[in-house]
Every structure is written in C-alpha cells, then in structure tokens.
Amino acid sequence: MTPLMVLVLGPTASGKTSLGIALAQQLDCRVLSIDSRQLYAGMDIGTAKPTRDEQQQARHELLNLSTPDQPINLQQFCSHAQTLIEQEQQRGRPALLVGGSGLYLQALSQGLQPPALPPQTGLRQQLQQLGQSCCHQLLSQADPQAAAKIEPNDPVRTQRALEVLYGTGQTISSQQGRCPPACRVLELGLNPSDLKERIEQRTASLYARGLVAETETLSRRYGADLPLLQTIGYGEALAVLAGRLSESEAQALTSRRTWLFAKRQRTWFRNRHQPLWLNTESALEEALEAIAAARS
C-alpha cells in the first residue's frame, strides 16, 4: 500500500483542530500540528494551541519544540516533521498534518527543500537592531522574489531570508529546491462561510482566557521586543499593557488583523494547493470517505 499523507488545511478559526482530533481518533494516528507559532512553549493562548483536554483526546506532535527566544527555521521544522511522518507511515497509518501555516505545509507536501543553514545568532541580533522596516527593504533589494512572499511585518521570515543570503552568499529563493515526497498526498480543506464570526468568537475567547496575562509573562521573560510578541494577538496585548489600547480596542484590532490574515491564507491555499473542500456540517464523514478512497 502506498503511504498516505493527509493534510487538513484552512484559514485560522476554520475548525481544523476539532476535525484533526476526530480524524486521529478514527484513524488511530497522531495529529502533526503544522503551525509556526505553536512550536514555542509558553505561547498557548495567543496561538490557540490545542488545550490540555484536546491533547488528551488525541496525541499531538510538533508543539512546544523550543522557547520563543530560540527561533526554529523551516529546515529545522521539516526535519522534525519528516521523522514523525515516516514513523506514522512505517506503522501503516496515514500521516495526519493539521494546520494553517502555508509555507510549512507546502514544504512537507510538495517537497520544498529549504537551505540547511543553522541560525546565525550574531547576525540576527544585528538585524533586530536595524528594525523590521529596514530589514524588509534590504530583502526587497537583494531578493525581490523572497520579499514578495514575506509580509512586511513578519520579522522571523525576513531575518531568516537575510540570514541565508549573508550566510551563504546566495538568495534563499535560489536555494529552495524540490523533492516530492514518496507518498500519496490527500488535501482536505475547511473554509466555512461564517469564518468572520468564528474569528470574532475565538478572539473574544482568547482575551477571556488570559491573553494579556500570558503576554505579560512572555514579555517579562524574553523582553517586549521579542519578534514573536509582535505577531497577531500578542502585539495588541502588549499595547494594552503599555496603556496604548483598552482591552476592548485590542480585541477589535486582533479580530481585524486575524480576518485579514485569514483572507491571505485562503488565497495561498487556492493558489498553491488543490484541496477537496469539505462541507463544514459533514466534514468528518466527507474526510473519512476521501481517505478511504485514497487508501484503496
């Protein structure tokens, strides 16, 4: 039987976590979480990381791999993930990848091979001192192709692209080869019509569960200038702590930023993947039917 990789993809707040757990229970496999922020310990509420109860319902992997001040690059992540994918397939189980981080999903499902350059701590410190705006401008001049794919407010990926450029003398775009995986890939997509309402509900839940307190803990431990604390949710919570926003204003801004991000995610998935889009009301049944057909 040809090994099978199942991707459950979709924008944030689309219901991927619940579907992933249900599929893992039905298929007797693990959930491999493909989320670029859930990799970090202590970033639980703001990333909507599966709760302790959800992790007891199905075993989750690729969570809490590092601390927020020790970034994991794409090559390191793929190495961790590939080991787990091979373990699942060797046991005769589908590798179940669940997440919304498009580049990570693309790398694993389409064989994108990122440069194997270890993090350059000294260079990263220099880049952080320059500031994100300056770094993205530098990248735009040196590697326009990479800059076009990276959001101007994404310091982690911007710094990594510059790190590869200065560390190897070649652009990251020129080093991203492809080696398609030796397995069948089934892509299942979620894109509910009420996504905006779901985002607003989830954002309210994050703040009610203690997003501001979690952000305060992280900023005390790692510093308020930590790049990951500038991302959606944490950036607004920092503004609350600094007195620049009320919590209600921060919640509204987080919802807006999340909605814009979700729209970009949907565009990415439509352009780079060809998923079977599932009906939200019957997603589990449709997913199981598609998986059974792919395994036959």
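Every residue gets a Cβ built from N, Cα and C, even glycine.
A quick note: this is a predicted structure, and the numbers were derived from the prediction, not measured.
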Annotated stretch (region 'Interaction with substrate tRNA', per Swiss-Prot) among the listed ranges 35-38, 67-70, 99-102, 167-170: 35-38
Averaged pLDDT, computed only over the residues in the region 'Interaction with substrate tRNA' (35-38): 96
Helix, strand and coil residues within the region 'Interaction with substrate tRNA' (35-38) as assigned by DSSP: 0 helix, 0 strand, 4 coil
Secondary structure of SER101 (site 'Interaction with substrate tRNA') (DSSP, helix/strand/coil): coil
Spatial neighbours of SER101 (site 'Interaction with substrate tRNA'), counting only the binding-site residues THR12, ALA13, SER14, THR17 and Cα distances within 10 Å: THR12
